[in-house]
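Engineer: Grabbed the feature section from TrEMBL, which reads as follows:
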- 29-412: domain 'Major facilitator superfamily (MFS) profile' (DOMAIN)
- 25-48: transmembrane segment (TRANSMEM)
- 68-91: transmembrane segment (TRANSMEM)
- 98-118: transmembrane segment (TRANSMEM)
- 124-144: transmembrane segment (TRANSMEM)
- 156-175: transmembrane segment (TRANSMEM)
- 181-202: transmembrane segment (TRANSMEM)
- 258-280: transmembrane segment (TRANSMEM)
- 292-314: transmembrane segment (TRANSMEM)
- 321-341: transmembrane segment (TRANSMEM)
- 371-400: transmembrane segment (TRANSMEM)
Amino acid sequence: MTPENSEESHPLLRPPGGSSPCGRLVFLAAFAAALGPLSFGFALGYSSPAIPSLRRAAPPAPRLDDSTASWFGAIVTLGAAAGGVLGGWLVDCAGRKLSLLLCTVPFVAGFAVITAAQDVWMLLGGRLLTGLACGVASLVAPIYISEISYPAVRGLLGSCVQLMVVIGILLAYLAGRVLEWRWLAVLGCVPPSFMLLLMCCMPETPRFLLTQHKRQEAMAALQFLWGSEQGWEEPCVESEHQVFQLALLRHPGIYKPFLIGISLMAFQQLSGINAIMFYAETIFEEAKFKDSSLASVIMGTIQVLFTAVAALIMDKAGRRLLLALSGVVMVFSTSAFGTYFKLTQDGSNNSSHVDLLAPVSTEPVDTSVGLAWLAVGSMCLFIAGGPEAIWSLLACLCLLHLQRPFHFVLGP
């Protein structure tokens, strides 16, 4: 379930002289909107530390078995699918700002229900609500950030969306090392609450206001965000009201990029990236790690670092090359992890007592230590090879007719 990075090739408003504005409040507005992807990432990563905690829970607290633990992680995707459809309608009818404000409600409500849960159904209901909010936030936040940004910083701010998602996942992993599942859910209420407070002080996007024929309010928003409204030219916004028709899919310029985009997203999901995010600690526990939460944090840190690196080198290296390399890396890393499971199951020894922070010694050690690092290394490579370039590539396809009606919420 991952946000789109929807950059536009033409700026909303541009100065006749070509100079760039220097407003700083646009960064605050972008940060406020980016708290949505941060909350999205936290909701994705929440299940990883929460499931082991809920498995150990003592009555009267709810306790998860294998079946309910599986649902607890996966049900967020059902809510996100509904949220993607809802967000596509809200973003045009209610506006970008109001849509972001509204998505904070299911975020906070979902984590509040989990915090107060007395049975498994309340846990699942809370996860479903947070998934609904994820779907809306993953669509609206990139649009809001793209439409408030001036050209000189649009690429920079747009790349922060995906980065905030993986930071949210890492935050959930880190907090899960010290907090049990109820307090972790309380922490999950914090980012959307801050987002609600900050977004109340931010304006609607100038583009949306122009589509509503509110030119004076659009200029006021521009003045607030960019620092100036003098000498700016107004674009034609009639294209905002174009209605998508299935007949458009007959045109090669429409159906080819559409099929490419859908295929890339589908293959990214089939790679199992979300399963790794949802069940990271459970997977490492099944791999007989002594400190599965530490292994998850290492994996989340690698994901943040490589997401940042991908954003920096994407324009120079090219999306196609990065996607090809990521596919190769993911194939080898999953093969190595499968080999690890095979070796630990067949061998008389396993890595159940391996400490990832154990000091290096020149004395002979059990071969399971090496196998432990094989598992951690392979999963880190899998995450590092995650196709971060997919979402930027989809934005470059410029599916202006398909962007909102066919929005999918698919993965980090």
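Backbone N, Cα and C atoms are what each Cβ position is placed from, and that goes for glycine too.
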Engineer: Other than its close neighbours in sequence, what residues sit by the transmembrane segment (25-48), given a CB gap under 8 Å and a spacing of at least six beyond its ends?
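Structural biologist: For the transmembrane segment (25-48), the sequence-distant neighbours (Cβ-Cβ under 8 Å, at least 6 residues beyond its ends) are 1, 3, 72-73, 76, 100, 103-104, 107, 110, 127, 130-131, 133-134, 137-138, 140-141, 144-145, 148-150, 153, 157, 160-162, 164-173, 176, 184-185, 187-188, 191-192, 194-195, 198-199, 201-203, 224-227, 274, 277-282, 296, 300, 412.
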Engineer: Residues sitting near the transmembrane segment (181-202): Cβ under 8 Å, six or more positions beyond its termini, same chain?
Structural biologist: 28-29, 31-33, 35-36, 38-39, 42-43, 46, 49-50, 53-54, 57, 97, 100-101, 103-104, 107-108, 111-112, 114-115, 126, 130, 133, 168, 172, 175
Engineer: Considering only Cβ pairs under 8 Å, which range in 68-91, 98-118, 124-144, 156-175 makes the most contacts with the transmembrane segment (258-280)?
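Structural biologist: Ranked by Cβ pairs under 8 Å, first place goes to 68-91.
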Engineer: Grab the same-chain neighbours of the transmembrane segment (68-91) for me: Cβ-Cβ under 8 Å, and only residues 6 or more beyond its ends, written as numbers and ranges.
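Structural biologist: Residues 1, 43-44, 47-48, 50-51, 54-55, 98-99, 102-103, 106, 120, 123-124, 127-140, 143, 274-275, 278-279, 282, 404-405, 407-409 contact the transmembrane segment (68-91) from elsewhere in the chain.
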